[in-house]
Amino acid sequence: MSSQIDAVILAGGMARRMGGDDKGLVELNGEAMIKHTIDRIKPQVKEILINANRNQTRYAEFGFKVISDEHSGFLGPLAGMITAMGQTDADYLLVVPCDCPLLPLDLVPRMLAAIEAEKAEIAVASDGEYEQPVVLLLKPSLRDSMKAFLEAGERKVDFWYIKHHFVVASFADQPNAFVNVNTPEQKQRLAIKITQ
């Protein structure tokens, strides 16, 4: 029996380094950043949720359910993950940021294979050099653990997942897959890379 996998795209941050612009809606090569992300993951999952804490109406125009953090105060990616984990009945939830327009087209199958090979609860993607703490495949049943971690004042995703049985899924063969956009300068460099 194949596993059912849903996804959440995290677009709930304040994007301070982008001058406060909503990163998911910033245009890259004529399309909103999040549209690039949607196009990469849509064929790999059953349902997509968009986690947004502002501009929810604009995000809804992409045709997917928009969810806002159940914890107020822009508490970071953990808050978005917790909310999404409570909105899915899938076997696994794929977590990706809204500003990674080059995500692997084989992201889900490789992360799922890594989980199954190790009988792990969580797979975290790696570019071969660094783990990508907000590119995860995890079991929604871990929600209570994550919620307790956040409510204890913790914010770092990697500090949470190291407490669980996790496996690293390497994408060293796609070193640019997780390039993201945090500044206008990075956006310009990425726009050039996409057109090459």
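Cβ coordinates come from backbone N, Cα and C, glycine included.
Quick look at what Swiss-Prot annotates:
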BINDING   Leu10, Ala11, Gly12, Lys23, Asn51, Asp69, Asp99  GTP binding site
BINDING   Asp99  Mg(2+) binding site
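The structure, with features from Swiss-Prot marked on it.
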| residue | record | CB count, 10 Å |
| --- | --- | --- |
| Leu10 | GTP binding site | 28 |
| Ala11 | GTP binding site | 27 |
| Gly12 | GTP binding site | 27 |
| Lys23 | GTP binding site | 24 |
| Asn51 | GTP binding site | 27 |
| Asp69 | GTP binding site | 21 |
| Asp99 | GTP binding site | 27 |
Open item on the list: According to DSSP, does Asp99 (GTP binding site) sit in a helix, a strand, or coil?
Closed with: coil
TODO: Please classify the secondary structure at Gly12 (GTP binding site) using three-state DSSP.
DONE: coil
- [ ] Look up Asp69 (GTP binding site) in the DSSP assignment and report helix, strand or coil.
- [x] coil
TODO: Please give the greatest C-alpha separation between any two of the GTP-binding residues Leu10, Ala11, Gly12, Lys23, Asn51, Asp69, Asp99, in angstrom, as a whole number.
DONE: 18
